[in-house]
Amino acid sequence: MNKFPFISVLDYYLNRSLLGRFLICEGVLISLLEILALLEQTTPILNRHLGFKGILTFFFLHLPSLYVEVIPFSFLVGGLFFLTQITLSSEISALRAAGLSTSGLYKKFIPAILIVGLSGSIINYWVVPPCETALTSWWNKTDPNAENPNNPDQHTLWLRAGLRIISIGQYAKGGAFLRNVTIYHRDENGLLTQTEHADTLFYKDKAWVPTGTQNLSLTDDQSFANVTPGNDHFIIPLTPTMIMALSRDNAILTPKQLFAIIHQGAPASLPRANYKMAVLNGIILPFQVAVMLLFALPVIYIPPRAGLRTPLPIYVLAGGLGLIILQGMISALGNAGTIAAPLAAGSEPLLGALIGMTWLLRMEEI
């Protein structure tokens, strides 16, 4: 019985079946990726004496990121399985005999596309960043060598905040303890005017408590430098959570944080192009899902009597995977600033749509 009276029984069956295949493929791919990640991280987790609880913590905090990462490919594989199944069972032939065109069939899957695409965007924007930040913070807090000045695993964190450059030599306790922090003040021409240095910073009561502060200021002609002791008012526009978020090699932040970096000069550790790409990647996710289903549609032209002997499903799978790889290459160019972020983000859905429609038109002619 149809539980949703505002859609037809056929629409409900098609979308429910497609979503079911998608979730199965999503679960399989996530499981494989989690196993690979745990093979790499289980030994360090056990070396820190975190036990099975530590393994579960890593598993669940890393889960949302993997879910979003495999959405396009999972939708392609799920759509491929479902469409191949109903084609070989002559259900597509019955729908065509009832007057349903290829474009009409695609339109009936729009609810599934919107459900998967929009939910993926929401998770990408508001679930993945907190989980990844919590994972980074947890990993830093449980590092027994995090506060060791000679820790070889940590590198200096450089941040850009407006005209200021912030250098953090070491961070521990989830970003609540900093060592060798220097703020470089610059004028509008990018020339150094003053520096503020602190040997250590402790985050307490929503404020940074410094030790070993020292200031250096240049004269107007920049020919001499005056070094003076600092005071207890050492202000950096950062919180421990933000430090952990910016310490990663990728721009996984919430939309509010991304727009603050792009438009308000909030502290950033990566080029601005990375943050623009992060904003656009969530927007284009529904379009990527739509293109993946478009790529799977050619399998409906398999003659039922041909069975699984036809290589068309393999061609569809290879084409979709190639498109995903191409998007990764173009995204790398967008992150590097080689091409504009909107062009880098939108090229894959646009190119995929053109290739998919051309393929379908060719199949119609055959």
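The backbone N, Cα and C atoms fix where each Cβ goes, and this holds for glycine too.
So that you can see what the record holds, here are the features copied from TrEMBL:
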- 20-38: transmembrane segment (TRANSMEM)
- 109-128: transmembrane segment (TRANSMEM)
- 278-302: transmembrane segment (TRANSMEM)
- 314-333: transmembrane segment (TRANSMEM)
- 339-361: transmembrane segment (TRANSMEM)
Under 8 Å between C-beta atoms and at least six residues away from its ends: which parts of the chain pack against the transmembrane segment (278-302)?
68, 71-73, 75-76, 79-80, 83-84, 87-88, 92, 102, 105-106, 109, 113-114, 116-118, 120-121, 124-125, 250-253, 255, 258-259, 262, 310, 312-313, 315-316, 319-320, 323, 327, 331, 341-342, 344-346, 348-349, 352-353, 355-357, 359-360, 363, 366
Top stretch by Cβ pairs under 8 Å to the transmembrane segment (339-361) (candidates 20-38, 109-128, 314-333) is 314-333
Per the Cβ under 8 Å criterion, with at least 6 residues separating them from its ends, the transmembrane segment (109-128) contacts 7, 11, 14-15, 18-19, 22, 64-65, 67-68, 71, 75, 79, 252, 254-255, 281-283, 285-290, 293
Same-chain residues at least 6 beyond the ends of the transmembrane segment (314-333) whose Cβ lies under 8 Å from its Cβ atoms
72-73, 76-77, 80, 277, 281, 288, 291-292, 295-296, 298-299, 339, 344-345, 347-348, 351-352, 355, 359
